[in-house]
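A.B. asks: Next up is a structure, given as structure tokens.
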Amino acid sequence: MIISGKYVIEKEIGKGSFATVLKGYIIDDNDNNGNDTNNEDVEVNDDKRKYTTRNQIAVKAVPRSKLKNKKLLENLEVEIAILKKIKHPHIVRLIECERTSTDFYLIMEYCALGDLTFLIKKRQEIMENHPLLKSVFKRFPPPSKNHNGLHRAFILNYLQQLSSSLKFLRSKNLVHRDIKPQNLLLATPFVDYHDSKSFHDLGYVGISSLPILKIADFGFARFLPNTSMAETLCGSPLYMAPEILNYQKYNAKADLWSVGTVLYEMCYGKPPFKASNHLELYKKIKKANNTISYSNDCEIEDDLKDLINALLTFDPNKRIGFQEFFDNKLVIEDLSKYEVANEVYSELELKSKSVLESNMFISEYLPSEKKKDDTDNMIISNLSTNDRINNITIFSNILPTVNENENDKTNDNSTTNYNNNDNENNDNNNTNHNYNNDKVNNKSNDNNEKSDINRSNSNYKQHSTKQTTNELIPNTNTITTNINDNSNSEMNSQSARMMQKSKNYKSLRNNKLRNSKNDIINNSNSDLILEKEYVVVEKKSVEVNTLADEMAQIGQINNLNYKVPYPSRSPTLAGNVLQNNESLQHYQPFSVKSPRTSLSSNGSGNSRRASLVDRRLSISSLNPSNALSRALGVASTKLFGSNVLPNQNAGVGNANNINTSMPLLNPQVFQDLTENILLRVDQLQGKDRINIDSNSIVQILESLAAKAFVVHSFAEVKFSQTIPLKSLSTSTVNRPANDRRLNDRGCAIEEDDNIQTETYDTYIPSLKGRSLSSLSQTSICSQDLPHGELYQLSKEAIILYMKTLSILATAMQITSNWWYQSNEKNCSLRLNLLVQWIRDKFNECLERADFLRIQILELEECENKSNELNSDHTDVETSGVNETVHNNDNDANEEDQIYVEKLLYDRALEISRTAAKLEIQGDHLNNCELAYATSLWMLEILLDDRIEDDNFNEFSSKNSAVLDDQDREIIKKYIDSIANRLKALREKISQGGS
């Protein structure tokens, strides 16, 4: 194939999420023969072509169809713009960029020797099979056979070449942000020079007889002056600076940390820090306290250790600076002593030209890679970042994933990948060479997964959720979820189904992991998880987590400095305090009985209503009480330690003699706080629009938290229905009595929550960022639901999660404005607890949305394959009506568009009607109260003005309907009606009607 009449594309050498990289060459006048081929695809007979040093190229082809939103297109344009501006001998050169109506073609400098990982991970095979590198390693043998470290000549050569390129980038105020061995390409030596003098005259540094290092992949690069700080989290975790891992702002010094990790790996053949996820990695780095562990297998000089220590300094302010690095004696050391003799020069030059003329990429010399090429036709699985999904790539809970086909084993490393999304999958199979910077989050490799969710403005064919989801999807008929609450038998059936689905959710994940071509429990594989990971996290997620961490830290300090005595004896104290003190700062804990026992006031006949934790829900589709309680409980435990009082079983006499530092939170206060958020709907409605000050911030956040919670609960119902359900051959009757709901006081939801707490936390992270190739033959194609229904449910769930994220982002923005404008950094316990809950839900929704995004893409892939198969057996006899059909499809899409307003409206009315039926029957009045409150919150959301200042607005605007005045009036009437019912119900409950 010929591009623009002068570039011939040959075989593929790499493939990524959005781009394919191919080898090629530039046509000279004799090849073209004066024919105007322009953009036509022309086959060229090049069997007898003699490849020269000047005509070989690498072509990165990016189909426009893959760039489905503006952000992804901008990322590519930024890379092109940067590469056009920079020309340096140790940076991969962009020769030209060609654009057609269907594709972008980046014509780039070709590096035939792969990347630095080949010399480290594949050294033994290279020494045996590659003619040029065999001679080079013979001249500079590795220091030890026990590890993959390189000879000092290699180390200093590449250190100086890397330093030279970074010095140039800093002169242009550029920061690369993804320095790692996979992005350090190696070009064949002796291409434009014949001796050491001509080598240096061309601007090269180092040793002329060694492969030449060139920095590639500027997809994460950006202009960043020395005094500026960046907030976007990106790069590969194993090589990422700790300040980025910890969501902090960072400057160009982050690149120096990456240089330190690369330098260490060249010395010892492995990164300095390894972990199974980025959080553990950060903990290890911090725990090391600037003490780097050096292996006894190989001794390196003290100067190298000192430089590594200076580069791998935890605090960026204490880390070595660029100028000091550039002036380091190792960086400026004269390496002429490593230059070879003239006769050796001639031998190496002949072998170098032979390699070039053979037109063979480095992986083609390796026996293991040749075998893979025969099996897979040189196709590699793609690892993508986090993309970047547009503005958000999921950054947490990175776990390995798998291919279940035996043949998929070859997909990971069959060739060198010019896409920076593709990296080695294990220590012995690392041949992926990164040229392509299309770090498109949302697809992943077998042993490695990326998060990335995209929130973008794309049409409703693919939704985006990075820090959130890549574009979402077309539209189909809305499906409302029926509430099975008309009878106990129906509720038992629904309960069994939900529990079975939760179990299958975990089972599905385990099955996929079980099919991995390498045992993920193997230490060597787990060490590489992060090495293959890309991460991009945009500002909104960083702000949410940073603010929550700051407030949590202050909460801990307040807790440590406060001594709390036991009170006299009133277990109802907390409820009164919460009701009367909105800005609760400190209060006295009280002794409480087990959460399963009822509480009464001491001695008085005044008994308080059972808390939501005690009043188990029997409406199966409602899940606010214990879920919110559990979430808040987890947050409070993280903040203030255990919420169980050490001496709660002690007698009152003993308690009176104790005056010690106690946790500020205990179970009863926790339950009261949970109740107030949802059940105080009449007090909190409209509070999010009042002026913000220290007295009103809690009410504002409670209002927004309640709104976010009811939408999130609805999303969870939809989400649970997308989990594959195995046949219920073992009915609930056969299950142990303690594993099923026996009567109307049983709590199926509570049991499900216990299961889901485990399964969601372990399953979703392993699915994030997975490539379609690794998913296409797994769960989705064998779901118990029809594809259409599953597709619809996934779409509805992701819309609801995005709405939740929008509300939570607004809550955190309001909190941030108040927090940083306030003179006092003193927050109440309740406020702190709310912020932690909002943060937890925010991160959880990102994970759910990422999973759904992958599932949606997977379903679309299955559907496309099915359509292709059907089209092969269908005669084309309807050409005359194509236009009519197309128009009808467009009309259908308009009618089938899913709007979050309609989902919430239908759900609110459904809940209130169900509650009304139960109220008439006199059953579960406390749960009816909760149902009415939930319905009111949902309707209240519909009257809110659209949120304009959060990162999810673009996404929301595509699936949000504009309500006219008539719609609003109808909603207000329903609110008034339901509020009256709620008021009457509460009077009935207070009179003992429950």
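Each Cβ is built from the backbone N, Cα and C atoms, and glycine gets one as well.
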A.B. asks: Region 'Disordered' per Swiss-Prot: which of the ranges 23-43, 485-505, 590-610 is that?
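C.D. replies: Spelled out, Swiss-Prot records region 'Disordered' over residues 590-610, not the other listed ranges.
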A.B. asks: Would you count the other C-beta atoms found within 10 angstroms of the C-beta of ALA19 (ATP binding site) for me?
C.D. replies: 30
A.B. asks: Using DSSP, would you call ALA19 (ATP binding site) helix, strand or coil?
C.D. replies: coil
A.B. asks: Cα-Cα, whole number of Å: ASP178 (active site, proton acceptor) versus ALA19 (ATP binding site)?
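C.D. replies: One finds 18 Å between the Cα atoms of these residues.
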A.B. asks: Just how many other Cβ atoms lie inside 10 Å of the Cβ on ASP178 (active site, proton acceptor)?
C.D. replies: 27
A.B. asks: Just counting, how many other CB atoms are there within 10 A of the CB of LYS15 (ATP binding site)?
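C.D. replies: Taking every protein chain into account, the count is 26.
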A.B. asks: Can you tell me the three-state DSSP label for ILE13 (ATP binding site)?
C.D. replies: strand
